[in-house]
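Per Swiss-Prot, the features are as follows:
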- 1-11: compositional bias 'Basic and acidic residues' (COMPBIAS)
- 1-55: region 'Disordered' (REGION)
- 19-39: compositional bias 'Basic and acidic residues' (COMPBIAS)
- 35-89: domain 'sHSP' (DOMAIN)
Amino acid sequence: MRNNVERRMQRVNEACRLLSKDTEMRRITDQNRQSRESEGTSPNSGKDGKDHFELTLNVRDFSPHELTVKTQGRRVIVTGKHERKSDTE
């Protein structure tokens, strides 16, 4: 009987841990959404037209020389390398 109670307690503890993790992820998602709305930016998006595909990415923090766009077969690969300057410079 004691093992049964211990197993149930483990399940309850695991459920609490997962719920806590889910709550934290929802909070972060809400903060990101509110931040985008206050900045007037939209999340990355794309749409498929009949003869073309259009994709919009937020690259505000990158300068043009930090971005690379390549095609590889039917794929479009966008990479960005952004060097942050330290406060000591």
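Cβ atoms are placed via backbone N, Cα and C, with glycine included.
The structure displayed is predicted, hence computed values, not measured ones.
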Secondary structure tally of the compositional bias 'Basic and acidic residues' (1-11) (DSSP, helix then strand then coil): 10 helix, 0 strand, 1 coil
For the compositional bias 'Basic and acidic residues' (19-39), residues assigned helix / strand / coil by DSSP: 21 helix, 0 strand, 0 coil
Confidence summary for the domain 'sHSP' (35-89), mean pLDDT rounded: 76
